[in-house]
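Taking it in order: structure first as structure tokens, then the write-up.
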Amino acid sequence: MLGRSGYRALPLGDFDRFQQSSFGFLGSQKGCLSPERGGVGTGADVPQSWPSCLCHGLISFLGFLLLLVTFPISGWFALKIVPTYERMIVFRLGRIRTPQGPGMVLLLPFIDSFQRVDLRTRAFNVPPCKLASKDGAVLSVGADVQFRIWDPVLSVMTVKDLNTATRMTAQNAMTKALLKRPLREIQMEKLKISDQLLLEINDVTRAWGLEVDRVELAVEAVLQPPQDSPAGPNLDSTLQQLALHFLGGSMNSMAGGAPSPGPADTVEMVSEVEPPAPQVGARSSPKQPLAEGLLTALQPFLSEALVSQVGACYQFNVVLPSGTQSAYFLDLTTGRGRVGHGVPDGIPDVVVEMAEADLRALLCRELRPLGAYMSGRLKVKGDLAMAMKLEAVLRALK
């Protein structure tokens, strides 16, 4: 791992000498009667004077003698098995010894204490936090970090709580990096930012005996758009057609079905998407809610594969700008799935309550279900894991 990532162990005083400083059950200490060459590093084991070295050897001998006398019984407590993916850090009379393992390790009673160190790759997440970008946008950003310990001695001697220290380091590095960038750069260059965070975090954690293998930046939601950005959202081509289809249909309905004097290309876009459903009730209602148009336009994207993947029935209680609440359903339990106005025929698996603007942001991929739930913009009644499967529905819109 160290050779692949380009990191190497740095000389850190007595820490490097710990690897060769213990032999036999007495654990001979280099520098017992004279100081080590090169001085003593910060936090390292200081050289022993000859009285201290003599007492250390005598007590260790008595501990080993006690182990031999009571071996049939003490063997159950003194022998420890260390698996391949672990190392055991042993402290004898408070002084650190060579990392032990894998295999069977013998500990002396009363004078040895130990701590196991897991060398396998582990992961943690940086909880989503609100950050302000360079252009004034407010966004909720988190990160997933994978790391492993390459020096068990350093991981025990330098930091008390390694997980918390690494998480705080990753969060601070992420905050500093995102404050210097505008929102568009954060969204378009997440991989580049993640690689930069990887290097910055490793610059700090490699002195702790820890190496970060991967950092994945996750933008949960954009809570506030940039101050100097245009009002219109950036949509992909499919969602632009979906929005133009509904908005164009609403304008024609308000005009009583008469041709709109607007641009011809907008009229053509509406006519291309809308022919399969000329009898939709939206034409008879001059003030059709935006949520109804967006939800019913999901029907062409539903499929049997999506039904088998999700397999749930959702009820959406959408709060309209007027303050009233309207109910819609998305049934992905049978056939190709259904979507429409009103409550479902059976009992829904999940009831989702949100504002109409948040629903629009959700369908336009400006807001993710998890980010909306954590920020309080989406309220869920029922199985939360089932509600998070709405992400599969949003992916079907691509």
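Each residue, glycine too, has its Cβ placed from N, Cα and C.
Taken from Swiss-Prot, the feature domain 'SCP2' applies to 287-398. Feature annotation from Swiss-Prot assigns phosphoserine to S28; the stated evidence is a large-scale study or a structure entry. If you look up Swiss-Prot, you'll see 79-398 marked as topological domain 'Cytoplasmic', on the strength of sequence analysis. Summarising the annotation, Swiss-Prot assigns transmembrane segment to 58-78 and lists sequence analysis as the type of evidence.
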Within the predicted model, mean pLDDT of the topological domain 'Cytoplasmic' (79-398): 77
Secondary structure content of the domain 'SCP2' (287-398), with strand meaning DSSP E or B: 41 helix, 32 strand, 39 coil
